[in-house]
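Asks: Annotation comment: TrEMBL describes A:Glu36, A:Glu70, A:His73, A:Glu151, A:His184 as Mn(2+) binding site. For A:Asp61, A:Ser233, the entry in TrEMBL reads Ca(2+) binding site.
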There are 6 protein chains.
Amino acid sequence: MITRIDKLQIELPMPDGPDANGAAAVQELLGGKFGEMSTLNNYMFQSFAFRQKRKLKPFYDLVASITAEEFGHVELVSNTINLMIYGTTFPGDPDVTPMQNAKDKRNSYHFIDTAQTAKPFDSMGAGWNGADYVFNSGNLVLDLLHNFFLECGARTHKMRVYEMTDNPVAREMIGYLLVRGGVHVMAYAKALEIATGVDITKMLPIPSLDNSHFETTRKFEAEGVHRKLYTFSAKDYKDVVKIWKGTHPEDGGKLEVIQGTPQGGPIPDLPPIPESFAPGISQEDFMEIAKRLQRSAGI
Amino acid sequence: MITRIDKLQIELPMPDGPDANGAAAVQELLGGKFGEMSTLNNYMFQSFAFRQKRKLKPFYDLVASITAEEFGHVELVSNTINLMIYGTTFPGDPDVTPMQNAKDKRNSYHFIDTAQTAKPFDSMGAGWNGADYVFNSGNLVLDLLHNFFLECGARTHKMRVYEMTDNPVAREMIGYLLVRGGVHVMAYAKALEIATGVDITKMLPIPSLDNSHFETTRKFEAEGVHRKLYTFSAKDYKDVVKIWKGTHPEDGGKLEVIQGTPQGGPIPDLPPIPESFAPGISQEDFMEIAKRLQRSAGI
Amino acid sequence: MITRIDKLQIELPMPDGPDANGAAAVQELLGGKFGEMSTLNNYMFQSFAFRQKRKLKPFYDLVASITAEEFGHVELVSNTINLMIYGTTFPGDPDVTPMQNAKDKRNSYHFIDTAQTAKPFDSMGAGWNGADYVFNSGNLVLDLLHNFFLECGARTHKMRVYEMTDNPVAREMIGYLLVRGGVHVMAYAKALEIATGVDITKMLPIPSLDNSHFETTRKFEAEGVHRKLYTFSAKDYKDVVKIWKGTHPEDGGKLEVIQGTPQGGPIPDLPPIPESFAPGISQEDFMEIAKRLQRSAGI
Amino acid sequence: MITRIDKLQIELPMPDGPDANGAAAVQELLGGKFGEMSTLNNYMFQSFAFRQKRKLKPFYDLVASITAEEFGHVELVSNTINLMIYGTTFPGDPDVTPMQNAKDKRNSYHFIDTAQTAKPFDSMGAGWNGADYVFNSGNLVLDLLHNFFLECGARTHKMRVYEMTDNPVAREMIGYLLVRGGVHVMAYAKALEIATGVDITKMLPIPSLDNSHFETTRKFEAEGVHRKLYTFSAKDYKDVVKIWKGTHPEDGGKLEVIQGTPQGGPIPDLPPIPESFAPGISQEDFMEIAKRLQRSAGI
Amino acid sequence: MITRIDKLQIELPMPDGPDANGAAAVQELLGGKFGEMSTLNNYMFQSFAFRQKRKLKPFYDLVASITAEEFGHVELVSNTINLMIYGTTFPGDPDVTPMQNAKDKRNSYHFIDTAQTAKPFDSMGAGWNGADYVFNSGNLVLDLLHNFFLECGARTHKMRVYEMTDNPVAREMIGYLLVRGGVHVMAYAKALEIATGVDITKMLPIPSLDNSHFETTRKFEAEGVHRKLYTFSAKDYKDVVKIWKGTHPEDGGKLEVIQGTPQGGPIPDLPPIPESFAPGISQEDFMEIAKRLQRSAGI
Amino acid sequence: MITRIDKLQIELPMPDGPDANGAAAVQELLGGKFGEMSTLNNYMFQSFAFRQKRKLKPFYDLVASITAEEFGHVELVSNTINLMIYGTTFPGDPDVTPMQNAKDKRNSYHFIDTAQTAKPFDSMGAGWNGADYVFNSGNLVLDLLHNFFLECGARTHKMRVYEMTDNPVAREMIGYLLVRGGVHVMAYAKALEIATGVDITKMLPIPSLDNSHFETTRKFEAEGVHRKLYTFSAKDYKDVVKIWKGTHPEDGGKLEVIQGTPQGGPIPDLPPIPESFAPGISQEDFMEIAKRLQRSAGI
């Protein structure tokens with residue numbers, strides 16, 4: 001089970017203008033093979049399918065708790081996309097062609113299918129696929145190796161999308177996720193070391209450019225975000241502490257496990273887009289709704 | 001953000017024997033177009049994309065909190081599948097063909113790809129697809145109408161799978177989800193009524209056979225589970241109370257909103273399947289791992 | 001069985017110039033999840049699978065006859081796309097790169113795969129899919145509810161594409177289909193009302209902007225097209241009259257059933273595109289063909 | 001445009017018992033790459049996209065009119081599947097597991113997704129796909145060559161499915177379609193001969209086993225069905241007579257064009273399947289519906 | 001089995017500048033339904049599945065040896081794409097957005113997924129698909145007919161892409177492949193003639209524009225490349241000589257079979273793209289690698 | 001470029017009877033995500049896309065030469081499937097239903113689409129997919145890490161399929177491929193060690209059950225097959241010797257590079273299947289063909 005908190009893991013800045021093609025690129029980080037839907041669902045299904053959860057509890061706790069963090073990453077990337085597209089079209093009567101600017105944008109689903117928001121597909125609009133994008137062999141070492149590889153692949157994609165757009169929302173989000181991805185890749189490397197005796201943290205980072213080269217990672221690293229592993233649980237998954245311990249190889253700082261979640265930031269409230277009929281509630285409708293909300297409260 | 005609790009929403013019974021083809025059918029309820037991955041992700045992406053969250057808070061709260069419940073449904077269906085397959089194969093040296101019984105089963109991915117556990121595909125092995133199975137128009141009325149329809153479709157599939165297998169785990173899970181699905185379909189009907197003035201709860205149930213015809217729903221309804229809407233949040237989404245109120249049309253009982261989650265039951269610990277190399281940790285390996293867990297604790 | 005008439009349901013105007021990206025967007029209305037291929041095939045397969053056709057004849061007749069109208073909608077959207085692309089490239093020797101303007105267009109299939117004409121894929125080129133896009137539960141109420149929802153979703157997509165392009169062909173076609181879609185959504189609403197007693201016509205229109213806001217719908221509504229349901233059959237499907245009756249909720253005009261089809265307009269003859277090798281018949285070839293047509297006539 | 005006639009192209013016999021796996025195989029002839037959905041949509045989209053329809057009218061008329069016949073083939077194959085599955089399950093309370101026999105059948109979509117009826121997917125459940133299965137190059141010779149090949153491939157699949165099941169419905173349907181497919185392959189061969197001067201009718205039949213080896217084709221050939229090309233139109237497509245003329249290479253009989261359609265047979269009325277909730281209308285509901293049909297007639 | 005030679009079939013020129021959208025179009029010739037992956041895999045799987053290889057050796061040898069040539073075509077198209085994309089982005093620190101020019105390009109996979117190189121997908125990014133794009137009926141005549149059609153379709157796509165870009169690499173590659181495709185289509189036509197007695201070489205070329213209209217084919221035809229069939233084997237597949245013989249219909253030159261391969265040209269060495277982290281080996285890393293290569297040589 | 005040799009890498013035994021469901025399972029090793037089509041195409045496209053081939057020649061040579069070996073693996077798995085299916089059906093007139101035994105088999109494509117032979121799809125019939133199954137990041141370390149993981153995943157799948165069937169052909173093929181896969185995983189591990197300094201050969205084998213537990217691997221290991229890396233080239237790719245050297249960790253034997261290929265075994269000649277119309281050449285046809293082969297030889 002989960003409980004939900006109405007916050008993002010960090011506060012997102014506003015973009016300085018519409019950037020629909022940037023948003024199309026960011027979709028790869030959401031619904032692509034190496035996007036956050038993949039990390040979420042890989043770890044989620046691995047945690048459901050974990051054999052001998054009790055005997056191998058530190059490993060189970062690791063996979064299960066990172067699952068919960070990934071939910072928040074899906075949320076962050078989605079909110080980023082939603083913010084980036086806004087402003088591409090303008091309000092107006094249908095006959096003035098208020099969505100004319102959308103016609104040449106790279107992702108038409110953003111304008112025809114959704115009201116200018118994210119869905120789980122990739123940068124070319126191909127749907128996230130549960131059969132092809134989830135790996136869940138049940139073999140502990142192989143699953144950890146996969147997860148280590150997946151995080152490195154995801155890091156590569158994030159770095160490349162960062163280089164494609166200087167949109168401040170995209171960069172803030174990617175900066176944060178590079179730091180958190182760095183934690184996850186190291187956590188899986190440590191788990192692999194414990195499971196097999198081979199220390200592959202020495203391969204890191206992959207690609208070899210480290211996070212400090214990305215402006216928006218630096219403030220998070222300055223806050224020590226790269227040394228913290230959250231359990232994302234009030235009481236469970238405590239044995240991650242048996243894996244996430246020691247010091248950080250880059251700065252020698254002490255690794256720490258935080259029971260619970262980061263403090264987080266507000267979820268942006270998205271303005272209406274009348275030309276997309278979203279949410280499509282007129283002031284008149286709203287007055288009726290308000291009445292019905294009250295009336296039905298009276299029952 | 002979410003936090004995770006290491007429990008299922010209910011306790012699952014053990015199956016009385018392996019039922020791999022039954023598990024193959026249950027996959028439709030996990031990764032099919034009307035499976036729990038669909039309800040989870042439809043509501044999740046609708047909640048991310050919700051425009052004017054503040055102004056329309058009761059609706060946002062409804063969609064956002066049901067999202068959280070659906071995570072637990074995905075978990076329940078997955079655990080059911082995992083329990084049902086167990087026992088199809090037997091331990092033994094590869095040369096004795098220990099997985100010979102798997103060759104004629106309907107879903108080969110369960111035996112070759114996973115270690116006899118669930119993945120997000122449907123009853124024919126087709127992957128859950130984010131572009132085709134998520135609806136997120138941004139228009140409030142249309143999204144609510146979709147969700148109402150989706151829940152009715154999901155109910156139909158559950159009823160049919162129930163009729164295909166008398167496996168006790170499958171039936172317990174489906175019985176519970178029929179009750180919870182009944183809550184959701186009524187909640188979306190009420191939301192639609194508030195948004196449009198049209199009371200479509202009068203169409204329910206669709207199909208017209210009511211839940212009392214399913215043995216495993218009766219005990220949950222006797223406990224009043226069909227009258228409760230959980231917020232699945234410690235503090236947020238309280239405005240669902242503006243929608244979920246009044247009395248239940250079937251028994252006249254008072255509808256209530258529970259802040260938080262149901263009490264839940266234990267997550268089953270899955271035994272090893274050596275012939276699937278899962279988790280693939282020998283006793284010898286385990287001793288080494290134990291040492292490394294401790295040693296590295298010493299750092 | 002069907003018989004075919006070599007006419008479109010309406011006459012289409014010529015575009016005022018090539019609009020390949022507009023055509024790419026219009027593809028969503030042809031091969032997208034809510035496109036005309038979906039309405040055609042949903043109703044077609046529902047009509048084939050209808051149980052108790054005799055007992056429930058008015059419902060069967062409704063679904064079966066609307067199927068026939070949808071064939072003509074597929075035809076209208078396809079012809080619109082074919083007209084919109086024309087003129088993007090120019091005739092010439094391959095070495096002068098006569099299709100250079102196509103390189104940056106959104107849908108490359110239009111230029112490499114077809115000779116600048118429509119195929120059943122969506123606005124991103126994803127193929128129309130029979131397993132995912134056809135709903136056919138066999139439960140009458142659920143299928144009607146689905147069809148009501150499908151028509152509302154299709155309406156939303158049409159409205160958004162209308163707002164993306166002011167191309168006169170696209171607008172004429174969409175204007176007409178908004179009117180006809182309005183008939184279908186009301187027809188399914190009436191059928192649902194008869195099947196369940198719940199009047200959901202009161203939810204309409206979804207989205208709430210009515211057709212009169214679209215210039216090209218107005219002339220069709222002035223002609224009363226929004227009040228007519230055609231049987232699209234010489235003799236069958238007459239019981240639709242038991243569902244389509246009464247008055248129109250917007251203008252109070254009398255609803256009427258027309259046995260047969262609308263009068264229709266001519267099918268545009270498409271000019272050759274030599275640089276696409278379409279039809280690829282030189283004048284010399286044509287003379288030979290003419291001879292063979294005659295000669296073989298002589299046999 | 002089309003008009004629809006509430007008849008099948010031939011009368012289908014009843015099966016002598018349920019044959020769900022046979023029906024699963026027959027799905028290949030409906031939604032497979034070489035199934036009737038493919039012939040229907042290939043010719044439909046080619047007819048829409050035909051360039052220089054007037055100048056090349058005999059060819060256009062051929063493709064356009066065969067399109068209309070293929071609609072009826074889709075209908076025949078679908079009805080066959082619907083008849084073959086019936087009887088696999090039995091009516092009963094959900095708790096008696098009335099669909100238990102469905103669990104081991106090859107196509108679970110027939111039991112979970114539909115009410116034991118056809119949908120446009122193939123023998124493994126893969127959806128018919130508009131981007132991959134429609135060929136529409138716009139080059140007349142290439143399109144005719146494709147159609148000739150497509151019909152030969154479709155014939156091969158039909159022959160193999162015939163050999164897999166001796167179900168009388170399946171055999172009647174396949175017998176008829178082998179005869180009609182034989183007409184189409186010869187018609188495209190003749191069109192190619194006229195377009196290029198090369199007589200490829202001499203390659204036929206492909207595969208080389210001729211239709212007389214299939215019991216259910218013999219009666220249709222005895223009736224001369226193999227020599228008739230129908231226009232499937234009251235008034236249009238008359239120029240097919242410029243292509244379909246001369247004598248049949250096998251029996252020397254005169255080829256003839258029939259303006260209109262074959263006489264046809266009744267569409268089977270499918271019985272209810274209560275355990276599938278299809279149509280899901282109880283006697284009580286039906287009385288209410290009858291009242292509403294009348295009452296609303298009174299408005 | 002195969003052996004590999006570190007050469008391309010011809011030498012490729014350098015492009016005169018980056019042409020990412022041209023490369024996106026060329027992807028159709030690699031991973032599209034009619035791309036080189038399709039010709040390679042169709043003939044490969046047909047050769048594996050060939051029944052009565054000994055009795056029908058000339059046909060087997062033909063299909064098996066053309067398979068080997070197609071590997072080299074896949075290689076040529078891939079190298080062309082790799083060369084065309086280069087230069088779109090520029091080296092630089094991530095914060096200067098060095099891949100900003102990629103954001104608006106048609107194929108984002110080239111920039112996010114690969115390091116600006118080819119993968120087996122088509123011009124819209126849809127993956128090459130083994131179930132849908134390989135035809136392998138096992139019937140000799142039908143397979144030959146398919147291959148004849150496939151080569152004509154592939155020729156059409158190549159001609160259209162040629163017309164979309166005047167990029168010198170693309171044109172050189174297409175010019176060569178039009179010539180080689182011309183050999184293959186004629187070879188399959190001859191094989192069909194031997195198998196059935198029908199001479200379909202008279203239909204060629206399809207489309208009817210002959211190769212001499214493409215500047216880059218002329219030099220290859222001047223060298224007689226259009227008259228040579230290579231066995232692509234040191235010792236096997238010699239019986240192709242029983243099919244590939246006689247004179248060329250266009251210029252009357254003598255057809256010849258070459259045992260082995262063309263002479264070929266060098267494989268381009270691709271420069272590093274630091275902003276893509278490819279190959280991602282710094283000078284420092286390289287020194288370490290060099291040491292390890294030597295050291296480990298010492299073991 | 002490649003040259004082809006008309007041999008398999010080893011000689012395959014004959015199966016002792018038909019095993020169509022076993023063949024269906026083996027399809028996972030051909031067209032599944034971890035099948036031989038994936039290893040072939042991953043290394044093939046990585047070799048095409050390799051940046052700085054000269055500077056990093058040992059790595060390029062490794063990936064390029066293993067590509068060539070994988071072609072032979074695809075061939076071995078395909079031939080195994082072809083042999084396993086044979087005998088499921090029987091010859092006979094269509095009316096005796098000669099393919100009746102196929103109706104209940106797991107993979108209907110084997111009987112309807114092919115003439116009982118392999119195609120590039122997986123054990124559930126899902127097509128091999130070039131966009132999703134090829135990884136080609138261009139980053140040397142990440143690509144090597146991927147290949148190491150891919151080989152471990154492929155090994156897992158092979159081990160599980162081995163346990164599902166004791167069919168002698170399947171076991172011989174899997175036994176050999178487990179040995180060769182062992183060579184490849186170690187080769188990539190060594191390459192990674194040279195590239196990064198981290199020795200991950202110590203993780204091997206993954207899963208931890210070593211090859212000696214599989215009867216059919218033992219004879220190949222006895223022959224030293226596990227210590228040999230072939231260049232699969234007459235003259236190129238010699239620098240693999242800089243990576244593949246030292247001693248084997250399991251038996252201490254000396255690793256050796258073989259310039260060229262293994263000796264190989266004969267390709268099985270597949271008997272005709274008349275009921276599948278394959279090859280579909282009657283004795284009469286054959287006499288005509290023989291004449292045409294000679295006659296045309298006379299030109």
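Any Cβ shown, glycine's included, is placed from N, Cα and C.
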Asks: Give me the sequence-ordered set of same-chain residues, not including A:Glu36, A:Glu70, A:His73, A:Glu151, A:His184, with a C-beta within 8 angstroms of the centroid of the Mn(2+) site's C-beta atoms.
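Replies: Apart from the listed residues, the neighbours are A:Thr39, A:Leu40, A:Tyr43, A:Ile66, A:Glu69, A:Ala154, A:Leu177, A:Arg180, A:Gly181.
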Asks: Under DSSP, is A:Glu151 (Mn(2+) binding site) helix, strand or coil?
Replies: helix
Asks: Which one, from the binding-site residues A:Glu36, A:Glu70, has the smallest tally of other C-beta atoms lying within 10 Å of its C-beta?
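Replies: So among A:Glu36, A:Glu70, the binding-site residues given, the one with the fewest Cβ atoms within 10 Å is A:Glu70.
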Asks: Among the binding-site residues A:Glu70, A:Glu151, A:Ser233, state which ones have a Cβ less than 8 Å from a Cβ of chain B, giving them in sequence order; state 'none' otherwise.
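Replies: Listed in sequence order, the binding-site residues near chain B are A:Ser233.
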Asks: Long-range neighbours only, meaning 6 or more apart in sequence with Cβ under 8 Å: which ones does A:His184 (Mn(2+) binding site) have?
Replies: A:Thr39, A:Ile66, A:Glu69, A:Asn147, A:Glu151
Asks: Of the binding-site residues listed here (A:Glu36, A:Glu70, A:His73), which is spatially closest to A:Asp61 (Ca(2+) binding site) when Cα positions are compared?
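Replies: So, spelling it out, the nearest of the binding-site residues is A:Glu70.
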Asks: Whole-number Å only: compute the distance from the Cα of A:His73 (Mn(2+) binding site) to the Cα of A:Ser233 (Ca(2+) binding site).
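Replies: Approximately 16 Å lies between the Cα of A:His73 (Mn(2+) binding site) and that of A:Ser233 (Ca(2+) binding site).
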Asks: Counting every protein chain present, what is the number of Cβ atoms, excluding its own, within 10 Å of the Cβ of A:Glu151 (Mn(2+) binding site)?
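Replies: Counting Cβ neighbours of A:Glu151 (Mn(2+) binding site) within 10 Å gives 25.
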Asks: How many whole Å apart are the CA atoms of A:Glu70 (Mn(2+) binding site) and A:Ser233 (Ca(2+) binding site)?
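Replies: Computed Cα spacing between A:Glu70 (Mn(2+) binding site) and A:Ser233 (Ca(2+) binding site) is 13 Å.
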Asks: Provide, as an integer number of angstrom, the distance between the C-alpha atoms of A:Glu36 (Mn(2+) binding site) and A:Ser233 (Ca(2+) binding site).
Replies: 20
Asks: List every residue in the same chain as A:Ser233 (Ca(2+) binding site), at least 6 positions away in sequence, whose Cβ is under 8 Å from its Cβ.
Replies: A:Ser65, A:Ala68, A:Gln259, A:Gly260
